[in-house]
Structure formats: C-alpha cells, structure tokens
Amino acid sequence: MSESGHSAVLHDNKSLRTLFGLALRLLWRDWRGGEIRLLLLSLIMAVTSVTGIALFTDRLEKALLLESANMLAADRVLRSSQVPPEEILLEAESRGLRTARTLSFTSMAFSDSGNMLVAAKAVSNTYPLRGEVIIADAAFIRGTPVQNGPSTGEVWLESRALSALSIEVGDSVYVGEAELTVSKIIIAEPDRQQGGMLDNAGPRLMLSMEDVALTNVVQVGSRVSYRYLFANDDIETLDSFNQWLRDEYENEYYLRDVRDESEEVSDALNKAESFLLLGSLFAVLLAGVAIALTAKRYSERHYDYVAILKTFGCTSAQIGIIYLSIQVVLALISIIIGCVLGWLVHQGILQLLQTVILVSLPPAGYQPYVIGSLTAVICLLSFALPPLLALRETPPLRVLRKDLSQQKFGANVPYLFGMFGTVFLILWYSQDLMLTTVLVGSVAAIALFLSVVSYALLRSSGSVGMKAGSAWKLAMTAARRRRKQNVLQVMVFSITIMSLLILTLLRTDLIDDWQAQLPEDTPNHFMMNITQSQIAGIESFFEENGIVSNAFYPLISARVIAVNGDEPDPQEDLDTDANRSSITEGAQADDDESEDQSGDQESSAGESGEQGQVRGRLSRRQVTWADELPADNRVTEGSWWDENIEAGYVSIEDEYASWLGIEIGDSVEFEINQQTVSAEVSSFRSVRWDNMQPNFFIIFSPGTIDYLGATFLSTALMEREQKILLNDLVRLFPTMVIIEVDALIEQIQNIIAQVTSAIELISVLVLVCGALVLLSCVNATLDERFHENAILRTLGAGKKLILTSLLIEFSMIGMVAGIIATIGAEGSLYYLQEQVFEQDFNFHYWVWVAGPLIGMVVIAGLGVNSTRKVVSISPLNVLRRVV
Amino acid sequence: MIQIEQLTKSVDTSEGVLTILKSVSLNIETAETVAIVGASGSGKSTLLGLMAGLDSASSGDVILNGHSLAKMDEEQRAILRGQMVGFVFQSFQLLPSLTALENVMLPIELKGDPEASTKARRLLARVGLEERWHHYPSQLSGGEQQRVAIARAFATEACILFADEPTGNLDTATGDKIVELLFELNREFSTTLVLVTHDERLAKKCGRIVKLVAGEIVSDEKNLAVGTTVDTTGTTPKEDAVSV
C-alpha cells in the first residue's frame, strides 16, 4: 500500500451512461412517488399554454390577414384620385408581387325602360387578388364564387339595379357612350366597402377596365378613385415594396392595409392582440412561478438524496450531471406532451370558433412549437435549474447533521435567476421594452408593497388571535411562526389572484365595450343630402315599410379660418383622433374632391401623404347643431349648453381642439357657405369614433348657423330582405345619397365575435395556470404542516381542532391575499385600461367583496384539502416519513 | 488501515472558536472492530465524520488505506468514499421515495454494476427481508429499516464500515438483533468496523474501545473478551481491491 498515493491515483469508474441511467431511474422513482408530478405538470402547463396560444394567434393572425385581405381584395392597396404612374405596377411585378387595378366612379346607367345612379367599378383581368366575387344568373340568389371580373363588353350588376332598370341577365345597359351586356348578377364582392362614397352611392355596376375608354365617362376632373392592388404571401416583400414606394415618391404614394382602412377592425384587432399577449404573459409568468415553487420543494426534498449519493461516492460534478439529465428529460417530456396538448387546445379553440371563423385557416408554421419548446427550456433554466444545481453544494456531512444544507448558494439566488428568466420571457414575447419595463416595475413595486402589508397584517392578526379560542390560537400561532413563508405565500397568492382578476375584469370590460360599440340595432344605412321638406316623407316611408329609423341631423360644410383672430397653427402630430374620419367625414372628403380642386382636400395624390393629412384636417368638416349632447359623446372640459342657451357657442372634439391649439373660451371663426361665423368655444368632447354612428368634430349651439341652410343626415337599420326598398327610396327622393354599411358592420361584428371567443378561451387557460400556482404554493409548505400537525395529534389534539385551525389559517392567508390582489388588480387595471386598451376605467365595486372572498374560499379549500390527510393517517406514519 | 495524525476540528461560533477535537491521533488496523465511546458532545460523531471523509479537518490528517484525506478536495474524497467506505446511521438515512430494494440498489447502481438488482435482493435476503423488498421505508419498522441500511452498507463491498449510533433509535431487543447482524456480516465481509456509540453493551462487542472526553482520547483499550476480527478464511483484504 503506497503511503503517498492520494486522489491522483484514485479513478472514478462512473461513466456518463451510468449517471444518465441513474438519473432516469431517479426520475421514474420520483414520478412514482409523486415527487416530480407537480413540477412536470407545471412545465407541461407552461408549454401547453404558450404553444396553444401561439398556434392559435399564429393561425388567427393569418386568418385575419386573409380575411382582411379579402376586405381589400388584396394584401395592400394604393389609393389615389389621379392615375398613379404605371411604373409602380412594373416595379411591383419585378419584385414578384401580383397586381391588379380598379377604378371607381359614379355614373348613370340607362336601359330601354329606366335609369339609375350606379357605383361603377372597372377592374383589370387579374382582379380580385384575394377573396372572391360571388355571381349568379338571377337576382337575389346565393350565387357561386369566381376569381375574376367581367369580360370585355359585359357588365355585372347588383340585384336591385336590375329591378330598378327593369332588365334581366342578357339585356343591354348603357354606361356613358358604351352599350354593354349584363352577363351576371353580383351577389357579393370582396372590397365592396373600400371606396368611400364613390362605392356606396348606389348599386354596383362592374365592368372590364378595357371598356372604360369606350364609355367616355371618365374625364379630367371627374370624381374617381384609382386603386392599385398588390398581393404576396411574404409580408416582408410587401413591406420592402412599400418602403421603395415611399422613398421613390416621397410619401406621395404608400400602401394601406386593412388596419389603415378600417378604424373599427383595427381597434378590435389591436386590443385583442394586446389581450392575447397579456394573457400569454400571465400564463407563462404563473406557470413559471409554479415551476419555481415546485422545483424549490423538489430540491429541498432531495437534500438527503444528494447527501446519501455523496456519501456513496458521487462527486458534485456527477450530482450536477444527474440533475441536469433529469432537467433535460423533464424538458423533453414536457415539450412533447406540451406541444401535443397545445395543438389540442388550439384545435379546441378553433372548434369553438368554427361558427365565427368564416375563412379556412391556413396551417400554422413551426414557430409556435419553437416558442413553446423554448419556454420549457427557459422556464427550467431560470426557475428550476438554480435550486437543482444548488443541490450539488449539499455537504455529505448532512447524513450525520440534518441541519446542514447548501452553503455556497444563498437561499434567494434561485429567485434572482427566476426574476431574470421572467424579465427575459416577457421581453421576448412582447418585443416591447416599454411594456416589459412597466410590467416588471409594477410587479416589483407590488411585491414590495405586498410583503410589507402582508407582514403587518399577519402580525396584527396574530395578536388578535391570541385572545380567541383554542383553534384560533393554534391557527394564529401557526401563521405567526411561519411568518416568513406565509408572507411569501401571500405574495404568490396575491400575484396569482391579481393576474386572474385583471384578466377577468379586462375581458369583461373589453367584451362589454365591443358589444356596446356595435349593438344588434346599429344602423347600417346612412342617408345624406336630405332637404328639410323631404324629412316628413322619408319618415313615413320608413314607418310604412317597418324600417327602424333614427333622428335627422342637420349637416353643413364648414372650415376653421381663425382662432382668436389668428390663422390656425395646427400641430404636425398625426397620431391623434383629429386624424380620424367618421362616415360623414369620409363622405365629405369625397365631396371636397369635386367641390374644391385647389388641393384643399384630404390626402389627395397631388401632395405628400403627411402634408396632405395635416392640411386635410384643416379642410372642410361636416358640422351640425344640437340641443343635446349626442349619446356616445362625453364632455371632457367646459360644459354643455342648457336649454336656454343663446346662439354663438360651439363644442369641439377634444383632440381636434388640442391639435388646433384651441382653448375653452376662445373665439373661433368659421367659413360656412362663403359667410364668416364666429362662435365661442364652450366645451370639448370625446367622441366614440368606432360606433358607426353619425359623429361630429364641431357642434354649434342651436340658432348659431341654422339660417345658413343645411341638408340633413339620418340613419336606418335595414335587414337584407328590405334592401330592395332602397330602389323605391331613391326613386321617391332622387337627391338623397344612401351609404350602405351593412356588409362592413357584419364583417366587423364577425371579427369581434371571433376575438371575443378567443379571449374567453385564453382566460380559461390562464385560470388553469393560476390554479396550478395555488396548488404548488400550498404544497410548498406541506411537509412542515404535516410534521407539526402530526406532533399536535400525538400530543392529543383532536381532528376537529386541527382541521378548524388549518381552515382558519388558510382562510386568513387567502383573505389577506384576496384584499391585496384586489388593490393590485384595480391599480393595474387603471393603468392598462387607460394606457394600453384606451378604455375608460371603471371602479369594480363587486370585486372588493368578491376578491377577498374568492381568495379565502379557494385558498382555504385547496389548503385544507391538501393537508387534511394529516388527520386521516396515523401520526406515527407521518413522523416516520418526514423524520 | 486508518491512521489519524494530530486531528483537530474547530468551528466558529458566536461566542468564539470552539474546538471539538483536540489533536487526536489513532491507528486502526485492517479488520479491526473499534468502538468510539463518549458522552454527548464529546466529539465522537465529528471524529467519525472526519475519518470517513465526510468533513475536512482544521488541522492534522486522516490516512485512509494509504490516502491522505487532507490532500484531497471534496470531489476526491467522494471518489474515495465510493470505493472504500460504507455507512450505517442512527437515523437509517433511507430515501423515503425508494423501496427497500431500490435503497440497497442505489450504491451498486452508482458503480454502474448491471447486476444491481440481483445483488441487492441477495443482501436483503441475507438480512431477512426478502419478502419486504417492495416496501417503502415508512412501511417498515425501525429495526427493519436499519436492516435495509445494513444491507445497503455492505452492498458496496467497502473495506471500511463506519456506523454512527446504529442502535440509537431502536429498543434493546431490536438493537441486539441488529448488532448481531452487523457483526455477522462484518465477519463475513472481513470489513474494518468503526462505530460510534454511547451504548456500553454494543461497545463491548468490539475488539477495541476508544473513549473520548471533550475532544480528547482519554483511553484506548483492547477488549480481550472479543479479540480481533481478523479474517481467518484467507480472503484477500479488501484494500487490495482498490485501485492504488
């Protein structure tokens, strides 16, 4: 035996294979013993929720893009009132984009027995690039989809035009100088609503682009709308083409997508996306907390294991390999099961949504699975790996001295890793540094606040409990003794309940808001250019035919020319409501194009986009006068006039006023019908632009502009089968202009129904994650409670006493968590609703009762249910197991 | 076999430095059975921990089968433990989530031995628990748990066995049976046995009794009634099996 021999000559014969095999056996034994189940379940939940949400949003995003593309008949559109250069189309084609052209104009169509104003649209032979035109051989039937427009020499007409012109398929119509044959009836066209008033001025007449010259209708100065359509499956190709367009033409031309085209859809989509993002963030966060808690408990229960392994000759490095292998296997299992479950969850969501998703969904890409898998890896790395790797530091002497545990790693190091992991995950998902900072900052602030408050609450409840009966006394002393763990528990419970409350309240408010935005009885037809003398006739027409009609608003075109005697000096800020336009404003923009060729109009092709928009908002606005504040308006500053107000006051939309630098009490001069009118600003209003109702930037007090002569605007709700009556209406009141928005409203309602269902499902997913956290958190202190209660039972405490004290302790923790969660939820909601979701914050009174109550019932239920075993198995068994 | 040279262990406490072991020196020969006795706090468990390489000394050295523990770090000591040392503990130290069989298999598996299950079953049969192999520790009595722990200690075929109060948690009758089994197996495997106890009856079964008082050896006597347990079967001593 060599005396000098030491470690250098000792060799370790444990191969990697042996260690990995041991890790697998350890894992299996832990699974069988229930040690690893909650950790694996939390991991699977994280992967499932993230993969499920990512798959769903990926496909929904694609579907909505497709649907929105259908609304445009293309992926992107270039609009102009003048012919855009042909070079644009050539450049697009050279970049691999598909292109088409349309030209909208209004014209009279004649037949041998009648005539009517039609909304004509000439299309190139590649139209439509997205979606389908539905055509039929007879009026008012279902029709079949085609992906082309009419051939040369033919026209397609909407059903009601045929009855108005007393013709049938195969007859001729005259448009300008051209005689064209009606070959089909148009039942639906994808981009019916995209042309503003030019496309809504009457029934559709679609013709081939090649026949436009024959009609000789389109002349220099005609009111026309040119549209170039582009499509490509790759968004980056579209974006780079758009960039080229902006650079080449200095923002004179640019591409628009459905978000630019429809305020209502864009708003719903943005809010839904924010909600889904927030939902998935909460889901990951909660699953992460569950993983952190279960991993910590798992590692604590493995101290002895590691000490024994070390005693039998395992080195720290080998312990590291064993637990790393366990992590890898856990990650793989959770990724496989999580991805499958995630796929099933998203299929479930789609099943539920099949009635509202009207387009066939494109298959999802591989990214959602990558996101889900990476979530498992990141969650493990940040939440589970640190406590498990810290196990390496367990001293082998622990086999002799139980009080020894890891020495090098501080107890809070795992939490630090978890925090970094959380910040990384939030940043990665949201791709938004600001949102990440705000969210992380708020959670940190809340955590700090919670720890102080909950510590104080537990402390005071402890002293109250001292004066109560024995179960109370037992519960309170237990709560006080575990004050440190209880504060952590209250924090975790509070943050979990808070997340669930935020999501539930936000979901309810969002859905309520959307339902209020477009209720069932939203009017779907606008009637404009009505004279005072026609009002009575129109009202009786509606009454006779059972059509629901609304009030008549006077309408007059006005322009701001001076504020306090000076020329208005608008801000160049485009990102405000002042940039919006309602249906009435959109119609007016079209009016301007014909009335005012000087360029003083909304975004014409003749000037750069942004300049055009700035000038556009200074241009004419359709104004009105009213006694009462319109339903969806809210006075934000100043006051609305009462019944006895004198003439000479005006109320202005708040963002428009701020854009023009107008203040309450200012004197504003308007040019109306070539006369100057001056009025004092008495109030600012917020206007709900997305409610599809007549909305106005400027409202005068009665008597101020009444004498200047106005036309009237009204709205009506007409069912599909009542649309034929539009022909009679136009015949009876030929000067009236009707704008049909029924198809648009239907489309918006469909999209909102889709996102509502999606939001409901995401909420359920997050709820499951939350339940998992609560369970993990209760389990985290289970061993200690088991031990203590076993000792109490050994000392003669009855089942009833122990169960009652457990009930009291958990109820108290739950109630404290519920109170703090409610405060946190209301505070966060205030920020989220005001800043992110642009909603009005409403105080939720019921939550102040429900929050603490839910906390109490849920935590007490979970806690007592998990620990009640302590009274059903013998104390000896408990003591043996945990000694 | 085990040479202890001027071994000292001190720890920092709030009241200053506390010396648990004071320059202890001791030689233990192969296949000797040694009882270290003393009152609570005399430093006997500390001495056991240091001899087994579970802890490091403040000064002095332990030469275990020719290997100086003072020159090793924890990783190297772990390898040494894996190859030479077996343990029996007062609190059994069985892993609650493993069955009796799995607890015995664990050290054999660590060596990468594919016969782990067969060997473990054989050992469990040897300690009289062949019918209880699938039971978890919580389903076994204290005596049964300690039998499993003894089977596990011998599973590694270590040349030195350290036992820390092996009967400390057992009643006298059960304790006697366990001690009988321990010494029986010790003879069978020709192991060097070092045990820490304050049970005089147990100590008297050992060939040598070392008494510690306040961290110092106050007596070191041969127990003539027992004699040494040097292997008489002619089996090669275990140290030869170690890669040195």
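Just so you know, glycine gets a Cβ as well, placed from its N, Cα and C.
A TrEMBL annotation is a machine prediction, not a hand-curated record.
Annotated features in TrEMBL:
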COMPBIAS  A:566-576  compositional bias 'Acidic residues'
COMPBIAS  A:588-599  compositional bias 'Acidic residues'
DOMAIN    A:279-396  domain 'ABC3 transporter permease C-terminal'
DOMAIN    A:761-875  domain 'ABC3 transporter permease C-terminal'
REGION    A:566-619  region 'Disordered'
TRANSMEM  A:36-56  transmembrane segment
TRANSMEM  A:275-293  transmembrane segment
TRANSMEM  A:305-324  transmembrane segment
TRANSMEM  A:329-349  transmembrane segment
TRANSMEM  A:369-391  transmembrane segment
TRANSMEM  A:412-429  transmembrane segment
TRANSMEM  A:435-458  transmembrane segment
TRANSMEM  A:486-506  transmembrane segment
TRANSMEM  A:761-780  transmembrane segment
TRANSMEM  A:801-825  transmembrane segment
TRANSMEM  A:845-864  transmembrane segment
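DSSP labels the residues of the domain 'ABC3 transporter permease C-terminal' (A:279-396) in these numbers: 98 helix, 0 strand, 20 coil.
Here the transmembrane segment (A:845-864) does not touch the transmembrane segment (A:329-349). Their Cβ atoms form fewer than 3 pairs under 8 Å, with each pair 6 or more residues apart. Between the transmembrane segment (A:275-293) and the stretches A:329-349, A:369-391, A:761-780, A:801-825, the greatest number of Cβ pairs separated by less than 8 Å involves A:761-780.
Highest Cβ pair count under 8 Å relative to the transmembrane segment (A:486-506), across stretches A:36-56, A:305-324, A:329-349, A:761-780, A:801-825: A:801-825. A:36-56 is the stretch from A:36-56, A:305-324, A:329-349, A:801-825 with the greatest number of Cβ pairs below 8 Å to the transmembrane segment (A:761-780). Assigned with DSSP, the residues of the domain 'ABC3 transporter permease C-terminal' (A:761-875) fall into helix, strand and coil as follows: 99 helix, 0 strand, 16 coil. Each residue in the domain 'ABC3 transporter permease C-terminal' (A:761-875) has a pLDDT score, and their mean in this model is 78.
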